[in-house]
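Undergrad: One structure coming up, written as C-alpha cells, with questions to follow.
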Amino acid sequence: MKLVIVESPAKAKTINKYLGDEFKVIASFGHIRDLPSKKGSVLPDENFAMKYDISDKAGKYVDAIVKDAKKADAVYLATDPDREGESISWHVAEVIKEKNQVKSDDFFKRVAFNEITKKAIIHAVENPRKLDTNLVNAQQARRALDYLVGFTLSPLLWRKLPGCKSAGRVQSVALRLICEREDEIERFKSEEYWDISLKMQNSNNELFTAKLTHVNDQKLEKFSIINEKNAKDLTKKLKSHKFHVDKIEKKQQKRQPQPPFITSSLQQEAARKLGFSAKKTMQIAQKLYEGVDIGKETIGLITYMRTDGVTLSNDAIADIRKLIDKSYGDKYLPTSPRIYKSKVKNAQEAHEAIRPTNITYTPDSLKEKLDKDYYKLYELIWKRTIACQMENVIMDLVVANLASENKEYLAKANGSTIAFDGFYKVYRESMDDEAEEENKMLPPLKEQEPLKTKAVIPNQHFTEPPPRYSEASLVKKLEELGIGRPSTYASILSVLQDRKYVALEKKRFIPEELGRLVTVFLVGFFKKYVEYDFTAGLENELDAIAAGKLEWKAALNNFWSGFNHNIESVNEQKITEIISYVQKALDYHLFGENKESKICPSCNTGELSLKLGKFGAFLACSNYPECTFRKSIVSGNDNNENEGEPAAMPNENKVLGTDKDGVEIYLKKGPYGPYIQLGKQEGKVKPKRSPVPASLNQNDITLDIALKLLSLPLKIGIHKDSDEEIMIGYGKFGPYIKYMGQFISVQKKYDFLNLSLDDAMKLIEENKAKLEKKQA
C-alpha cells in the first residue's frame, strides 16, 4: 500500500479518485506539530533549538497517520506546494520517523502539484522528489522569528502598557501603516479652491462642458482661484466674452489587460468588486482549489491560490487562446500570447498565477452547481484569466481647445469613446479610490467654429485628506513595501481586528486607541523593528534561506542579538518615562492644537494627563485627589466612551423603548460606565452608541433623553449675525458647541441637551476673544 498524506479531507477526497486501489489518501488536518504558546519553545542559547509539541487536537490524526504508515511501502507527502506545505510534510515525516523508527529518507516521497486535476496528480506521483530542506528551514526561521518577537515583546508590553494585548512582528508594521494614515488625516487642514466650468453650445445647438484653463496666458493651477470672491469676479468677466473652437486634437490610446491574478491582486479585486474580506476570499479560493462537487464529479476548479507568480503554463495559454477565438472571434485574439513579468517586490515566480484548471468550465456552465459566493469568485478568476490574453482596448480621445476672441481666456473640453472594446468585452479592473470617465462624448466640432456660452459655473472644492486604508489598499501597500507574503496577508488583517487594535468601518480601517498606544510605544522604543525597510529586509532573508543562499540559524542569531539587547534596555526604563513619551506622542491626537482642551472639564482648573492603570490608559486631572475626574481612552468590549467613574447599575440591560423605525434602544452597562445603544450588535458591525454623561443619573435616563443623546451632534440653529450654523455635541471631554469650525465647552450650569439658541449665542459671545485668537 502507498500512503498519500494531504492537509484536508476535501483535498483527500478529490485526489483519491484519481489514484488506483494501491493508494490510500488521508488528511493530516493541517499542522500536526507547532511551538507551544509558552516560554522556552525556542531556545536562543541552545542554537535556537525548537521544541515542537503535538497538539491535543492533532493527536488522534497523528495516531491514524502513524498506524497507516506502518503498513505502507512508501509515504507520499502531497501537501501544498509552498513553504507552509513543505513544513507540514517535514513535520509528518519527522513524527513517522520518531514513532516508527523509520531510518531511510527514501521511504518518503514529496509530490507537489499546482492544480488538483488527474493529469497534474498522476504526473506528480510519477515524478516525486525529496523534501526541500531549504523551504523547511525558511518556514522554521519565520516561525522562530514570530515566536521570539511575540514571547519577549508581549510580556514587556503588559508590564509597561497595561491593557495592551500583544505585538506581532509583521502585524505591528501593518498597524503602524494604519495609525500613521490616521495621524495624517487628523493633522490635515482642508484648503478651499475653485474652478470654472463653461456650458457651451455649438452651431448645431448641442451642449457640452469645458473647463477654464488659462487667464491672460497664465495657466490656472489648483489654488489659482482660492475663494468665492475671486471665482465670482472671474465668472462675471467670462460672461462678457465670446468663445470659439481654437484647435481640435485627436489621438488613440491603447489599454493593456492586467496580468492574471496572484494572491494579493485577487484579494484586492475581490474586496473591490465583491466586497469580500481577504480572509473570506482565501477560504473560498481554498475550497475551489481543493475540489468542489459540480454534479458529475468533484474537481479542483482553480490552481493553487497562494502565489506571487504571474506566468501561465503553455498548455493553459493554448486553451485560453482557443476559447477566445471560438467565443469572441479572431479580432479579440492577439497574434502572439501575452507574457507577463511580476512587478511584486521579491516575487518568487515559483508557481503559476491563479487560473481555472479547465478554462472550458465557463461561469455560466457552473452557475447552478456552485454556491453563490463560490460562483462569484470563480467568475472573477475566469474573466481575469481570459482577459489577460485578449487584445488591447482602443480609446478615441478628443481634446477641444477653446479660446475667447482675443485669447485672454482659454478653456478645454475632453471627450473619449471606446473604438474597440478588446478585453473590456470580458473584464474591467476596479480602482480602489478613483473612477474612470469613459464614453464621455463631445458633439461634432470644427476649428474656428463660434460657440455660445450658455452658463458660467463657479465650482467650490476643498482638498481632502488621504483616504483610510481599505483591505484592498492595505494589502497593496504591504505588497509594494515587500512586507508579508501571499500566505500571510489575510492573517495579518484578521489578527489586527481580533486583538481590537483596529476596526473595519465602512470597509476602511480605523485604529482603535489600543492600537495607537501600541504603535506609539513600538515606534518610540523599538523603532528599528517596525521600520518598513527592516521588515522587508527580513522577508528578503527568509527568501534567501528558501533559495539555499543563507543559513537559517545565522539569520536568527543576527536578529536576536540586537532585538534581545533592545528588550533588556527598555526593561530598565521607568514606566513614568514611557508614559511621558507616549503622552507627548499622542498629544495632538488627544487634545488637538487647542491647549485649553487639556483643562479638566470637571474642576476647570486642573490639567488632564495620561495615566496607566491595570485596565489600561486613561486621562486624569492633575488636581487629584481633590478632583476625581477620569476618562478612559481605551474602551472595553462595549467600546463606549464615558467620563467619570462608572456608577452603579443593575446587571441587566434595560430596554428604554424604540425609535421611530421600531428599533429597540438599550441602556447598557460597560466597564467604564453606562451608555445608550441603538439595536443589538450583529457580528462585527457595531451599533450606534452614546455615552451617558457623568452629569446625568442613569436612573433618570428616559427614552426622550436617550434619543437626544443618540442624535448628537445636532444642529441648534443659525447664528443671527453670521448666518453660520451652531451645533451641539458630546465628545471626549464633555458637551460642546461647534461654531465656524471652532469648539466651545458647555459648562455644567447649562442643560446641554436642551440648550437654547440664545444660550448658545451667549456662550459664543463669551468666548469671542478666544475664537478670534484661534482664527488669527
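Backbone N, Cα and C define each Cβ position, glycine as well.
From a predicted model like this one, the values you see are computed outputs, not experimental measurements.
Relevant sequence annotations retrieved from Swiss-Prot are reproduced here:
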- Tyr304: active site, O-(5'-phospho-DNA)-tyrosine intermediate (ACT_SITE)
- Glu7, Asp80: Mg(2+) binding site (BINDING)
- 1-111: domain 'Toprim' (DOMAIN)
- 132-568: domain 'Topo IA-type catalytic' (DOMAIN)
- 166-171: region 'Interaction with DNA' (REGION)
- His31: site 'Interaction with DNA' (SITE)
- Arg142: site 'Interaction with DNA' (SITE)
- Arg143: site 'Interaction with DNA' (SITE)
- Asp146: site 'Interaction with DNA' (SITE)
- Trp158: site 'Interaction with DNA' (SITE)
- Arg306: site 'Interaction with DNA' (SITE)
- Arg499: site 'Interaction with DNA' (SITE)
- 600-627: zinc finger (ZN_FING)
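I'm curious about the neighbourhood of these features; can you describe it?
TA: Tyr304 (active site, O-(5'-phospho-DNA)-tyrosine intermediate) carries neither a helix nor a strand DSSP state and counts as coil.
The Cβ of Glu7 (Mg(2+) binding site) lies under 8 Å from the Cβ of Ala27, Ser28, Phe29, Gly30, Thr79, Asp80, Gly85, Ile88, each of these being in the same chain and 6 or more residues away along the sequence.
According to DSSP, the secondary structure content of the domain 'Toprim' (1-111) in residues is 48 helix, 25 strand, 38 coil.
For the region 'Interaction with DNA' (166-171), the list of distant contacts is 145-146, 149-150, 153-154, 157, 483-484, 488, 492, 495-496, 499, 518, 522, 529, 535, 538: same-chain residues at least six beyond its ends, Cβ to Cβ under 8 Å.
Note on His31 (site 'Interaction with DNA'): other Cβ atoms within 10 Å of its Cβ, all shown chains, come to 17.
DSSP assigns Arg142 (site 'Interaction with DNA') to a helix. Its Cβ placed at the centre, Arg142 (site 'Interaction with DNA') has 25 other Cβ atoms within 10 Å.
Just so you know, the Cβ of Arg143 (site 'Interaction with DNA') picks up 18 other Cβ atoms within 10 Å once every protein chain is counted.
Cβ neighbour count for Trp158 (site 'Interaction with DNA') (all protein chains, 10 Å cutoff from its Cβ): 12.
Under a cutoff of 8 A between CB atoms, and with a sequence separation of 6+ in the same chain, the neighbours of Arg306 (site 'Interaction with DNA') are Asp80, Asp82, Glu84, Thr263, His351, Pro486, Ser487.
Long-range neighbours of Arg499 (site 'Interaction with DNA') (same chain, six or more residues apart, CB within less than 8 Å of its CB): Lys165, Ser166, Leu514, Gly515.
Counting same-chain residues at least six beyond the ends of the zinc finger (600-627), those with a Cβ under 8 angstroms from any Cβ of the stretch are 161-164, 513-514, 517, 575, 579, 582-583, 586, 590-591, 633-634, 636, 643-644, 671, 694, 733-734, 745, 747.
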Undergrad: If I take the Cα of Tyr304 (active site, O-(5'-phospho-DNA)-tyrosine intermediate) as reference, which of the recorded sites His31, Arg143, Asp146 has the closest Cα?
TA: His31
Undergrad: Near Asp146 (site 'Interaction with DNA'), which residues of its own chain have a C-beta under 8 A away, given they sit six or more steps off in sequence?
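TA: Asp146 (site 'Interaction with DNA') has long-range Cβ partners Gly168, Arg169, Val170.
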Undergrad: With every protein chain in view, what's the tally of Cβ atoms within 10 Å of the Cβ of Asp80 (Mg(2+) binding site), excluding that atom itself?
TA: 26
Undergrad: Which one is it: of the recorded sites Arg142, Arg143, Trp158, whose Cα lies the shortest distance from the Cα of His31 (site 'Interaction with DNA')?
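TA: Closest recorded candidate to His31 (site 'Interaction with DNA') by Cα: Arg143.
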Undergrad: If you measure Arg143 (site 'Interaction with DNA') to Trp158 (site 'Interaction with DNA') at Cα, how many Å is it?
TA: 22
Undergrad: Based on DSSP, name the secondary structure state of Arg499 (site 'Interaction with DNA'): helix, strand or coil.
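TA: For Arg499 (site 'Interaction with DNA') - judged by DSSP and reduced to three states - the answer is coil.
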Undergrad: Count the residues of the zinc finger (600-627) that DSSP assigns to helix (H, G, I), to strand (E, B) and to coil, and report the three numbers in that order.
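TA: DSSP composition of the zinc finger (600-627): 0 helix, 13 strand, 15 coil.
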